[in-house]
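Swiss-Prot has this to say about the protein:
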TRANSMEM  8-28  transmembrane segment
TRANSMEM  50-70  transmembrane segment
TRANSMEM  103-123  transmembrane segment
TRANSMEM  137-157  transmembrane segment
TRANSMEM  168-188  transmembrane segment
TRANSMEM  203-223  transmembrane segment
TRANSMEM  247-267  transmembrane segment
TRANSMEM  285-305  transmembrane segment
TRANSMEM  337-357  transmembrane segment
TRANSMEM  366-386  transmembrane segment
TRANSMEM  393-413  transmembrane segment
TRANSMEM  419-439  transmembrane segment
C-alpha cells in the first residue's frame, strides 16, 4: 500500500514537470497580451470579466474536455493525436471513405504540432528573459542574444539525453507553481474582492456587453491553455490518475491564484500592464524569479522537444515519413531517443521565429491558429471514437463533444484574425510537414504497386529454383521484403551474381499496425515454404522499438534456429526515378525521390549488425 502511494506521488511529481510545464509558464504572457492589446479599458467590471473568461477557459477546455473526457479515450494506455487517430481509424475501418478523410485530418493535426512546437519554446523562453527589462531597461538589448544562447544550449545537450537531469524537472516545476501561487496570493489578499470573478456571470456579462471585443481577445485568451494537448499526449508516460491529481491538486489552483493576483495588481496599478507577472514580485525577488522562470520555460521546451522525437518516430512507423536517424540515449529506457534532423530542424525554425518576431508580444500574434485547429481536430476525432468505437448513442456523442466543438471553433475563428500578424508562420510549417507526410505516404503506395506488379510469386519461384538447386552454403540469409509472397530483388541479385543459396532462408516482412503496442506473444507469424525456407511476418505497434534480430530470436524452438554469428541480412536499396505518368504531380515525384534517397538505411532503423548486412541496389520508375 505504501509502495503504491509513493509510486503515485512520484508519477504525479513527474507529471507536474513534463505535462504542465508549458501551461504553467503561460502566466508569463497571457494576461499581458489581453490587457496590453488596448482593446480592454481598465475598469473593475472589465478586469473581473477577463479573469472570469480565463478561469472558465481553463475549466472548460482543460478540466472538462481534456482531463475528464479526452483522457478516457486511451489507445491501450497511450495518448496523443497519433494514438487518437489510430483509435478513430480503427473505429471506422468498415467505412473506407470516412476513414481516409479522418486519416488526412489527423495527419494534418499531427503536422500542426510541429508549427506549435516552434512557437511555444520561442515565446516561453523569450518571455522569461524579458523579465530582465523589468529589472532595468538597459537589459533590453540583451534579451534576444540571451534567449538564443539558452535555446542553443537546450538543443545542444539533447544528444546526451535528459535521463540524468530529468529527475529534477518535477521538483523545479513544483517550486515554480508554488512561487506563482504565492505571488498571486499576496496580491489577492490585498484585494480579496477579486475572487468574485470566479462567478461565470462576469464572463457572460463581459461577452454580452462587448461582443466584438470579446471575439477579438479570445485570440489572446487562448494563451492561457498553451500546452493543454500535453495532458493527453503524455498519458502513456504517467497514466490518468497522476495527470488528474497534478492538475486539480497543483496546476489549476496555482494558475488561478496567479491570474487573479495579476488582475488584482492591474486594478491597483494599471501601469503594471507592461509586464504584470514580473511586477507582482518585490524588487529583491526579480533576478531569482527570472532565473526560475527561465528554468521552467526550458523544462517546458524540453518536454516539447522530447514529444517531437516521439511523435516523429510514431509517424515514421505508421508510414508517413521516411526513416530518420534515431539514437537511443538510455540503455534502460528505450523511449529516450534523439533524432538529429528533428532536433536541429526545430532549432533553426525556433531561432528564425525569435529573430523575426523579436518579442513575446509579437510571437503571441503567431500563436493560436495551429493549436486551436489541433484542439478542434482532437474534438472531432473524439466524437468518432465514442460514436463508432464505444458505440454510444448519437445524441449523447453530440452532447459530449458538441459544446467543446463550439468553444474550439470560437477560439479558432478569433485566432484567424491574427493570420497576417504572424499566424501564417506555424501554419506554413504545419503545411510543409503535411505536404511531406502525404507525399511520402502516396509515394510509398505507388512504389509498392510497382513492386507488386513486377514481382514474381515466391512459392512458384522457389519451386522452380529447387528443380535444379544451386549450391547451398552454411548459415542463414534474411531477405527483407515489402510484402509477403513476392520474391525480393536481393534474392534475385544474389542468385544471379553469387549463384548460391544459404542453408536457411528467411523472407521477412515488417508490418506496422495502428495500435501502440504489440506483445511478444503476437510478434511473429511463420510459414514453412519447404527446403529450409520460411516466410516470416513481424508485427509491431507504432510505439514498439523495432529490433529485427531480437524478434527473430523468438523463432528458436519453432523449427528455425538462428545463430547470430552466421546470419546475413540482404536488403534491397532501391533508387526511385520520377517519370511522367499517372502517378503524382511531377514536383511531388521529385520530392519523393529525394526523400527516398535521403532516408536512413533500414539496417540502422531495424538494429541490424552492420558487419552482417549486404545491400543490393536496383532502380524503380514511378
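Glycine is no exception: its Cβ is also placed from the backbone N, Cα and C atoms.
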**Message:** Does the structure show the transmembrane segment (419-439) and the transmembrane segment (366-386) touching, where I'm treating 3 or more Cβ pairs under 8 angstroms (sequence separation 6 or more) as a contact?
**Reply:** yes
**Message:** With contact taken as 3 or more Cβ pairs under 8 angstroms (pairs 6 or more apart in sequence), are the transmembrane segment (50-70) and the transmembrane segment (285-305) in contact?
**Reply:** no
**Fill in**
Sequence-distant residues near the transmembrane segment (337-357) by C-beta distance (under 8 Å, 6 or more away from its ends) are 114, 117-119, 121-122, 126, 144, 147-148, 151-152, 155, 158-159, 161, 305, 308-310, 312-313, 324-329, 363, 365-366, 422, 425, 429
**Item:** Spatial neighbours of the transmembrane segment (103-123) far in sequence, C-beta under 8 Å, 6+ residues away
**Value:** 22, 29, 81-82, 84-85, 88-89, 151, 154, 226-227, 229, 297, 300-301, 304-305, 307-308, 311, 315, 320, 346, 349-350, 353-354, 357, 360, 363-364, 366-367, 370-371, 373-374, 377-378, 380-381, 425-431, 433-434, 437-438, 441
**Fill in**
Comparing 8-28, 203-223, 247-267, 393-413 for Cβ pairs under 8 Å with the transmembrane segment (366-386), the winner is 393-413
**Prompt:** Would the transmembrane segment (393-413) count as touching the transmembrane segment (247-267), i.e. at least 3 C-beta pairs under 8 angstroms with sequence separation of 6+?
**Reply:** no
**Message:** When you look at the transmembrane segment (393-413) alongside the transmembrane segment (8-28), do they share 3+ Cβ pairs under 8 Å, ignoring any pair fewer than 6 residues apart in sequence?
**Reply:** no
**Request:** Compare 137-157, 203-223, 393-413 by their Cβ pairs under 8 Å to the transmembrane segment (285-305) and return the stretch that comes out on top.
**Result:** 137-157
**Message:** Six or more residues beyond either end and a Cβ under 8 Å away: which residues meet both conditions relative to the transmembrane segment (393-413)?
**Reply:** 60-61, 64-65, 69, 215, 218-219, 221-222, 368-369, 372-373, 375-376, 379-380, 382-383, 386-387
